[in-house]
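Single-structure report; data block below.
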Amino acid sequence: MSARRRRRAAAQEEQEEEEEEEEAGSDKEVDLEERLCELDLRSDSDVPDVPPPTDSTPEILKRALSGLSARWKNWWIRGILTLAMISGFFLIIYLGSFMLMLLVLSIQVKCYHEIITIGYRVYHSYDLPWFRSLSWYFLLCVNYFFYGETVADYFATFVQRREQLQFLIRYHRFISFALYLTGFCMFVLSLVKKHYRLQFYMFAWTHVTLLITVTQSHLVIQNLFEGMIWFLVPISSVICNDITAYIFGFFFGRTPLIKLSPKKTWEGFIGGFFSTVVFGFIFSYFLAQHQYFVCPVEYNSETNRFVTECEPSELFQMKKYSVPPLLQAVLGWETVNMYPFQMHSFALSTFASLIGPFGGFFASGFKRAFKIKDFADTIPGHGGIMDRFDCQYLMATFVHVYITSFIRGPNPSKLLKQLLILQPEQQLSVYKTLKSHLVEKGILQPSLRG
C-alpha cells in the first residue's frame, strides 16, 4: 500500500472516530436534557410536608375579636402586637447600646433556630445523627469568631489589662479554626450509609443559614458602633415600610406585585416607598440633634461602661442649603436648614423601601418551597421572628457597605487604642516615623527633641 493510501485510510478512520464521539456526546446531551426535564416536571408534592404551626394568639385576644371577620381579626392582632413590639424596642433603646447588642444576638439565635427547625422537620424521618447538635455547635463557632473579632477591635484597652484575654485574642483565629475543624471532623464521622446525599444537603443548609443570620447580625452590631443613628434609622425605615405597605395594600391594594407574595400589591409598594422616605427624613432630623444617637459607641475601660459622648461630626451639624429653582416656586423658600445626615437618610430609606422588600420575597419563595405559611408561630399575627426580620438582613449589609464606601474615614481614637497594645519598642518606632513625617511636612521644627 502506497504512502498516499495509508494517509487517506488513517484520515478516514479519524473522521469515523470523530463522528462516533459526536454521536455519543449528543446522546449524553439528550440524556442530560431528559433528566433535567424530569426534574422540572417534578411537582411540589415531592417535598416532604412540614407540620403547620399552631395558633399562638392569646385567648384574651381571641375572645375580644371573636365577632370580627378573619380579615379584620388578623388586622387587629397584627396591629396590637406591632405596637407592643415597637414599645419594647424603644424601651431597649432607652436601656442603652449593650442591651441593643443583646437584642441583636437574641434575634439572630431565634432566626437561626427557626430555619434549622424547618430543615429538621422536613427530614426528621431519616433520624440523621448529630444533625441538631452539630448545627448548634457551628453556630457557637461562628459567633465565637465574629464576636472575638469585635472584642479585639473595639475593646483593645480592656483586653490589654487582662493576660488571659490577651492569649485568646492573640490566637483567636487559630482557636476559631480549630473549633470549626472539630465540627467538620465530627460531621464526617457522622456520615451514614444510604443517607450521604441528605447529610450533605443538611450540611449546606446549616452553612447557608449561618451566612444569612450570623454574618448579617455581626454587621448590624458593626453599624451600631458607628453611632446608634446608623442602627436606628435603617431598622426603623424597614419597619415603617413594612407597616405602611401593609396599610396601603390593605385599604387600596388591587394590583398584584409579585407571584411569590400574592398579597403584596403595587399600591402597597408605592405607598410604602413614599411614606418611608418621608419618615426617614423626619426621624433623622430628631435623632441628629442628640449626642446619644450620633456619637460612636465606645467602651470606657475605667468605668466598664459603653459611652456615647463626642463632638458631633459635620454630618450632624446644621447647615444651610439652597433650594433648587424648581422647588422654590412650590415651597416659597430659597434656602433650608438641615443636617447633612438627612441626605444620607434618603439613600437608606430608598433602599429600605425598594430593595429591602426583596428579602421578604426571598423568604416567601423559601416558605412556598416547603409549603409553610410562616417560619414559626412566635408572634401571633406575624409568624416567626424571621418573618419580621427577613428584610433587615439585606438592610444591614447595605448600611455597612454604605458606611465603608461613603462615610467612614480614619478613626484617631480607634488607631490610638491599637497603638497602645504594641510593645514599647514598637511604639517608639511609630513615634519616630511619625515625627520624621511631621518634620518633613513642616508641622514640627527639626530641633524638636523627642
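Positions of Cβ are set from backbone N, Cα and C atoms, glycine also.
According to TrEMBL, the feature compositional bias 'Acidic residues' maps to 13-24.
Marked as region 'Disordered' by TrEMBL: 1-31.
Look at TrEMBL and you will find 75-95 (among others) tagged as transmembrane segment.
Taken from TrEMBL, the feature transmembrane segment covers 130-147 (among others).
Under the heading transmembrane segment, TrEMBL lists 167-189 (among others). Among residues of the same chain six or more beyond the transmembrane segment (167-189), those with a C-beta under 8 A of the stretch's C-beta atoms are 130, 134, 137-138, 140-142, 144-145, 148-149, 151-152, 159, 199, 203.
Annotation source TrEMBL lists transmembrane segment at 201-221 (among others).
Residues 75, 78, 82, 86, 93, 97, 100, 220, 263-273, 275-276, 279-280, 283-284, 287-288, 292-297, 308, 316, 341, 345, 348-349, 352-353, 356-357, 388, 391-392, 395-396, 398-399, 403 of the same chain lie 6+ residues outside the transmembrane segment (227-253) yet bring a C-beta within less than 8 angstroms of a C-beta in it. For 227-253 (among others), the entry in TrEMBL reads transmembrane segment.
Per TrEMBL, the feature transmembrane segment maps to 265-288 (among others).
Residues or ranges marked as transmembrane segment by TrEMBL: 341-363 (among others).
Only residues 6 or more beyond the boundaries of the transmembrane segment (201-221), in the same chain, are considered here, and those with a CB under 8 A from a CB of the stretch are 101, 104-105, 107-108, 111-112, 115-116, 119, 123, 128, 131, 134-135, 138-139, 142-143, 146-147, 150, 187, 231, 392-393, 396-397, 399-400. Cβ atoms under 8 Å from those of the transmembrane segment (130-147) belong to residues 105, 109, 112, 116, 120, 172-173, 175-176, 179-180, 183, 186-187, 190, 199, 202, 206-207, 209-210, 214-215, 218 of the same chain, restricted to positions at least 6 beyond its ends.
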